[in-house]
Amino acid sequence: MAKFIIKGGAELAGEISVKGAKNAVLPIMCATILAKGEFILNNVPNLSDVSTMVKLLEYLGLKVEKLNNDTYKIINNGLTSVEAPYELVSEMRASFTITGPLIGKEKRAKVAMPGGCALGARAVDQHLRAFEKMGVQVNTEHGFVNLDGNNLTGAEVDVEVTKLKIPSVGATENVMMAAVLASGQTIINNAAKEPEIVDLGNFLIKMGAKIEGLGSDKIIIIGVKELQACEYEIMPDRIEAGTYIIMSLITGGKVKIKNVNLSDLPGFIAKLEEMGVKFTQEENLLSVRGNINELKNTKIETAVHPGFPTDLQPQMMVLLSLIAGASEVNETIFSNRFMLVPELDRMGAEIVVDERVANIKGEIKFSGAKVTATDIRAGVSLVLAALIADNTTEINNIHFIERGYEDLVSRLKLLGANIERVD
Ligand code: EPZ
């Protein structure tokens with residue numbers, strides 16, 4: 001298995017560019033099922049998750065061509081299958097958002113249930129409940145969901161995750177993509193407001209869909225007869241941006257970041273400013289200033305947009321471990337998103353987890369160790385700690401990291417990091 005070898009202590013300097021958003025491009029690629037013709041997607045990140053989604057679209061009968069480093073052409077001359085196999089769905093949960101467009105366009109789908117993942121059970125009950133409200137027959141057997149959407153009709157649905165009282169991002173996306181070609185009006189109550197939902201909605205509108213309320217908790221969709229293929233530019237990845245903001249802070253603040261939409265990260269930016277971090281942005285280049293010895297410790301509670309994003313919680317634990325004083329992180333979205341803690345503790349952190357709350361001792365010194373990535377964001381957080389640890393860190397299971405961060409080794413090397421990828 002490939003691993004990263006990182007010798008910590010180098011001061012990083014230079015510029016790093018944020019690429020296209022993983023969590024926007026994946027549902028947008030699913031949406032190309034909804035219309036025949038040739039799509040051009042620009043600003044597509046080079047991630048293994050994108051390659052997995054390409055495999056799924058090709059499995060269903062679409063043709064995908066990579067025109068250059070970040071541009072894809074997707075040709076839809078009609079599907080040859082409506083089945084998403086276990087091998088692909090189990091590899092990447094986001095594949096499940098193929099269900100909505102399959103129902104919208106083909107009125108039927110057979111999709112493998114996504115397994116759980118390191119973050120906890122990744123249920124899809126809200127997706128299925130909403131589809132049933134729209135007249136879809138749903139039955140699950142042998143690990144597959146069989147959906148018959150012959151009576152697909154617009155309806156008023158609610159995609160709130162009951163036990164968590166939060167909207168489901170994936171369920172919002174799936175319902176949107178089923179509703180745009182359904183007969184009649186669909187109202188999505190408690191809709192997710194993440195910027196990636198807005199990007200998917202803007203893509204669908206460019207295809208001719210009738211959608212209002214994007215970015216609010218109530219999305220209204222009027223079904224149309226047909227949609228058209230189009231060209232679209234994927235939004236920048238706000239989670240990648242947040243990761244590099246923390247990387248700049250902990251490595252001396254000389255790394256500047258391109259393509260950051262600060263308005264996509266209101267909860268994250270507000271929290272850092274409260275801790276004493278200063279941001280200046282000129283000509284699409286973001287500078288981050290904050291002396292670690294002067295930043296204030298804090299309490300963080302992850303929340304749906306516009307709150308503090310759960311996908312930046314692991315990266316934040318690395319920063320909080322360096323700041324004087326105790327800090328606290330309350331993870332309200334996922335039942336098991338503290339897998340970073342035992343790995344970080346092996347590098348010298350002192351974090352104690354009590355159910356959904358991590359108590360972080362500050363002012364520790366990271367030291368190199370052999371560690372293992374457990375998911376995308378925990379994995380990249382180990383890279384952050386390794387960059388400032390004394391001596392060498394070996395990170396295993398880096399395939400997780402490469403799912404969410406394009407070409408990280410060569411881009412960190414350009415900033416002066418001492419990092420190698422070894423098979
Ligand atoms: C999306 O996952 C993102 N993935 C995740 O990013 C992100 O952490 C998450 O939204 C929350 O913002 C993509 O967009 C590809 P949810 P998704 O449905 O859609 C429970 C990353 O690192 N739930 O909003 O799966 C679920 O178990 C990844 O890029 C149900 O119980 O998130 C979870 O605890 C990690 N029933 C919570 O709700 C359902 O039917 C949030 O899930 C649906 C969800």
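Cβ coordinates are placed from backbone N, Cα and C, and glycine is handled just like the others.
Unlike curated records, TrEMBL annotations are generated automatically.
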Report task. Look at the UDP-N-acetyl-alpha-D-glucosamine binding annotation in TrEMBL, where ARG93, ASP311 are given, and name the residue from ILE292, ILE333, ILE351 listed for that site too. Result -> ILE333
Query raised in the report: Taking the mean position of the Cβ atoms of ARG93, ASP311, ILE333 as the UDP-N-acetyl-alpha-D-glucosamine site, which residues outside that list, in the same chain, have a Cβ no more than 8 Å away, listed in sequence order?
Result: LEU119, VAL169, THR310, PHE334, ARG337
Query raised in the report: How far apart, in angstrom, are the most distant Cα atoms among the UDP-N-acetyl-alpha-D-glucosamine-binding residues ARG93, ASP311, ILE333?
Result: 16
Report task. Going by DSSP, give the three-state secondary structure for CYS117 (active site, proton donor). Result -> strand
Query raised in the report: For the recorded positions LYS22, CYS117, which one has the sparsest Cβ surroundings, going by other Cβ atoms within 10 Å?
Result: CYS117
Report summary line: A 10 Å Cα radius around CYS117 (active site, proton donor) captures, of the binding-site residues LYS22, ASN23, ARG93, ASP311, ILE333, exactly ARG93
**Report entry** Rounded to the nearest Å - Cα separation of ASN23 (phosphoenolpyruvate binding site) and ILE333 (UDP-N-acetyl-alpha-D-glucosamine binding site)
**Finding:** 16
Query raised in the report: Over all shown protein chains, what is the count of other CB atoms within 10 A of the CB belonging to ASN23 (phosphoenolpyruvate binding site)?
Result: 24
